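Pulled from TrEMBL, these are the features on record:
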{"type": "BINDING", "residues": "G93, T94, N95, G96, K97, T98, T99", "note": "ATP binding site"}
{"type": "BINDING", "residues": "R374, D398, N399, P400, R401, G449, E453", "note": "meso-2,6-diaminopimelate binding site"}
{"type": "DOMAIN", "residues": "7-79", "note": "domain 'Mur ligase N-terminal catalytic'"}
{"type": "DOMAIN", "residues": "91-299", "note": "domain 'Mur ligase central'"}
{"type": "DOMAIN", "residues": "322-451", "note": "domain 'Mur ligase C-terminal'"}
{"type": "MOD_RES", "residues": "K203", "note": "N6-carboxylysine"}
{"type": "MOTIF", "residues": "398-401", "note": "motif 'Meso-diaminopimelate recognition motif'"}
Amino acid sequence: MPTGANLVVDSRQLAEGDLFVALAGANYNGLQFVDAAIAAGALAVVVDAAVDMVPRAGVRVLRVAQLAEQLSTLADCFYRQPSRRLKVIGVTGTNGKTTVCQLLGQLLARLGAAVATIGTLGAGRVGTPLQATGMTTADACTTQRLLAEFAEQQCDYVVMEVSSHALDQGRVAAIRFEQAIFTNLSRDHLDYHHTLQRYAAAKARLFAQSGLRRAILNSDDAASTFMATAIGAETAVSYYSAAGIDGNLRCVAAEFDSDGLTAQLLWAPAAAKPGTAVSVRSPLLGDYNLANLLAVISSALAEGWALQSIAAEVATLAPVDGRLQRINSGDLYGQPLVVVDYAHTPDALQKVLAALRPVTEGELWVVFGCGGDRDTGKRPLMAQIAERAADRLVITSDNPRSENPATIIAQISAGLDQPGRALIEADRAAAIERAIGEAGPLDTVVIAGKGHERYQYVAGDKLPFDDVAIAQRLLAARAAAGGL
């Protein structure tokens, strides 16, 4: 095998000497790209043993029984079992994966570890630019390759987001996880899983992984009870609670303002022993970010770092791009506070609006839409949440993909009790402009749904689009004009 050869499932990413895995997916068939892979220099083609593929001259065909199910194991062996040379921490849940992953990566690095992260924002060493991977959890071959690269770079930890799709499809089946963290569970991806029960079952697979040393669960979320049923006897379990009801790490008091949060925490690793108290301060907004911080702190505690050392570093953790990201401080030059967030589920939108209500003196605005070719059932639910939790609604496009934006907006609007309250503007840039332009200096404008994304999928095209950049430009123009 040539030095540096890779296993590749996307023929467009293949380099000379790589092995092409002709995998059949739900919406594609890798066999259709064999010739393209060979033209790019594939050394061999890996196919399912049941496939009758016509041999190509000079190219070896490797047949693997149940290829899709075995691909994670195959890639694990190909890259010399990289997860056994690292401590891999997996984060799963409907909301909070990216925030927990990025904050935990920052924290472990500040505590002295060499850390890389893999997730929605990309993959890379903490402190270096992330490289896009195209999805929350990449395919099995890419994931194992990344782990191998980080092992070669002598990383101590890799913190990675683990999606329900990846778990259901076995993309991470061969990874040896040091820890698995659960954030929460609410409606999402039902276009794929069909029921909440099947969605939860996919998430629970992470906690049944062989070799898992510790599970960290959110005792405030009822689904943690279900996750716990998947955990083996060899896995230790820690619980955290932002509500302060139950948990090894729990919040006993908290204050929230427009500059962040302050919380008093109690850490009791053993139920029979008295706990240790500590105070933390963070620039993160909202009570749900307190829950994210508790997950992060619990993970670091499980790795043996001292509570006081962890608490001292929490204040230095930078907010994550597109996650309750403040574009300005508000009321500067008569401007509203503008926040960009990735919230694209009913639960996430509710939490974002609830987090910003206490720090909003005027009206709370929300600009939102719903993605095309995704769960249509959540569209009216998003409208119901927005109508209850916000004062001013602007319904617009998200990533319409192959759907007509007007159809999506109509399905969202069907959930409104008072349709006349909502402003309808299918052009997302114009919708953002209208909200920022009309909001008062004491108002808050939430631009929800796309967060860190720098593109918009419209009718098969991937177009440049950046909520943050648009908001910054509009705020600068408003400031130049003297506010309102």
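Residue numbers in this text run from 1 along the chain shown.
Cβ coordinates come from backbone N, Cα and C, glycine included.
If one looks beyond the motif 'Meso-diaminopimelate recognition motif' (398-401) by at least 6 residues along the same chain, the residues whose Cβ comes under 8 Å of a Cβ in the stretch are 344, 368-374, 408, 428, 449-450, 453, 456-460. Around G93 (ATP binding site), the same-chain residues six or more apart in sequence whose CB sits under 8 Å from its CB are V100, I181, F182, T183, N184, L185, K203, N218, listed in sequence order. Helix, strand and coil counts from DSSP across the domain 'Mur ligase N-terminal catalytic' (7-79) read 25 helix, 17 strand, 31 coil. Reduced to three states, the DSSP call for R401 (meso-2,6-diaminopimelate binding site) is strand. Shown for the domain 'Mur ligase C-terminal' (322-451): DSSP residue counts in helix, strand and coil, namely 52 helix, 25 strand, 53 coil.
With respect to T99 (ATP binding site), the closest of these binding-site residues in Cα terms is G449, chosen from R374, P400, G449. Averaged across the motif 'Meso-diaminopimelate recognition motif' (398-401), the predicted model reaches a pLDDT of 98. Within 8 A of the CB centroid of the ATP site residues G93, T94, N95, G96, K97, T98, T99, the other residues of that chain are V91, V100, E161, T183, N184, N292. Cα separation, R374 (meso-2,6-diaminopimelate binding site) to G96 (ATP binding site), rounded: 20 Å.
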